[in-house]
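Feature annotations, courtesy of Swiss-Prot:
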DOMAIN    2-205  domain 'CNNM transmembrane'
TRANSMEM  6-26  transmembrane segment
TRANSMEM  68-88  transmembrane segment
TRANSMEM  106-126  transmembrane segment
TRANSMEM  148-168  transmembrane segment
DOMAIN    224-285  domain 'CBS 1'
DOMAIN    286-346  domain 'CBS 2'
Amino acid sequence: MNLTDTVATILAILALTAGTGVFVAAEFSLTALDRSTVEANARGGTSRDRFIQRAHHRLSFQLSGAQLGISITTLATGYLTEPLVAELPHPGLVAVGMSDRVADGLITFFALVIVTSLSMVFGELVPKYLAVARPLRTARSVVAGQVLFSLLLTPAIRLTNGAANWIVRRLGIEPAEELRSARTPQELVSLVRSSARSGALDDATAWLMRRSLQFGALTAEELMTPRSKIVALQTDDTIADLVAAAAASGFSRFPVVEGDLDATVGIVHVKQVFEVPPGDRAHTLLTTVAEPVAVVPSTLDGDAVMAQVRASALQTAMVVDEYGGTAGMVTLEDLIEEIVGDVRDEHDDATPDVVAAGNGWRVSGLLRIDEVASATGYRAPDGPYETISGLVLRELGHIPVAGETVELTALDQDGLPDDSMRWLATVIQMDGRRIDLLELIKMGGHADPGSGRGR
């Protein structure tokens with residue numbers, strides 16, 4: 001090989017390495033770009049942006065074209081490198097007593113390592129990092145050439161795509177032609193947490209976004225005020241009784257029932273008092289002002305509950321269980337508080353649901369298990385209960401009295417029983433047969449000898 005051929009071969013290798021870089025940059029920039037960004041730029045951008053949009057609409061096809069281009073340029077680089085390496089002089093190796101065969105093998109090895117390393121760095125790694133760091137700018141530079149290459153080699157790309165899809169189907173998997181751009185709520189929650197840890201989102205914003213995304217996974221049963229906490233009025237009660245009930249309970253909405261909550265005929269709001277002249281309130285029945293009330297099943301998801309509650313006259317719905325009995329009531333305030341946290345007004349109890357107390361926490365028995373976990377760090381095992389009082393009742397096996405204590409099993413971050421950490425629950429206050437207030441204490445290892453189950 002003369003000098004001219006050698007120079008031409010080196011230039012060809014450099015050009016092929018650059019070609020590999022173009023295909024790698026096109027592949028990574030197209031996968032890094034978000035669909036919404038591509039569409040927005042195509043509407044108000046240049047012809048290059050419309051090329052990017054065209055490529056993004058056939059992403060699987062373009063990625064296959066990029067892979068084919070990478071394979072062709074890499075193979076061509078190896079093909080040109082081999083005769084060039086064979087011509088490399090090695091008199092120094094022969095001079096030290098090394099045979100021609102060993103010298104040829106050694107020089108070929110080192111030459112291939114150098115060429116391969118340069119090709120990997122400049123043909124693959126550098127373009128990849130550029131594309132990931134600046135996907136839009138990179139795509140504008142390389143995608144037009146990528147689209148043209150894929151157009152010219154369409155038959156070959158379709159052939160390789162068809163063969164690959166056939167093999168994947170034989171493995172029992174249906175090939176996906178495009179990358180999935182949508183994300184599940186769980187994936188979005190994970191992204192929010194990662195963004196908060198990296199400092200891209202402040203903690204308050206991340207907390208609000210996380211609760212908003214998790215809202216749809218909750219059910220009406222988890223969102224409602226339970227039946228035992230509802231104050232109802234009878235059909236023969238009057239507006240004056242509504243005033244008295246509002247003053248005594250601090251509530252603003254009341255179901256109107258015939259006998260009990262399983263026969264709810266409507267809903268009234270304390271603001272409706274002002275629709276009736278003061279002199280008529282003592283003998284105006286609630287049924288004359290009651291509004292129809294929406295009814296939702298206890299298994300309905302949070303988003304659907306929100307839609308029905310917002311559409312109802314007084315933004316309230318009754319929740320029924322699988323047997324048709326009333327399980328509770330859900331209001332718009334309940335739903336908003338699930339997203340933004342407690343919204344307290346002058347009628348609410350000033351005592352918060354969770355209060356730090358010494359080495360533990362005093363918590364309302366009505367708190368859900370996930371709310372307890374968020375507030376205290378205690379993660380309960382799965383079971384047939386929704387609230388912390390339900391868990392304690394299950395562990396005790398009977399209706400407790402104030403002062404009873406039970407040891408609770410905790411789960412670790414992976415959802416496995418954590419034998420290194422135990423929790424002690426003490427009943428502080430009962431409301432009839434319902435646990436109204438509990439104290440949770442975190443203990444290391446096992447409970448002390450004076451504590452136990454059902455003491």
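For all residues, glycine too, the Cβ spot is worked out from N, Cα and C.
Per-residue pLDDT, averaged along the domain 'CBS 1' (224-285), amounts to 92 for this model. Long-range contacts of the transmembrane segment (68-88) within its own chain (CB-CB distance under 8 A, at least 6 residues past either end) are made by residues 1, 6, 9-10, 12-13, 16-17, 19-20, 22-24, 27, 104, 107-108, 111-112, 115, 119, 123, 146, 149, 153, 156-157, 160.
In the domain 'CBS 1' (224-285), helix, strand and coil residues by DSSP number 23 helix, 22 strand, 17 coil. Secondary structure of the domain 'CBS 2' (286-346), assigned with DSSP and counted as helix (H, G, I), strand (E, B) and coil, comes to 22 helix, 17 strand, 22 coil.
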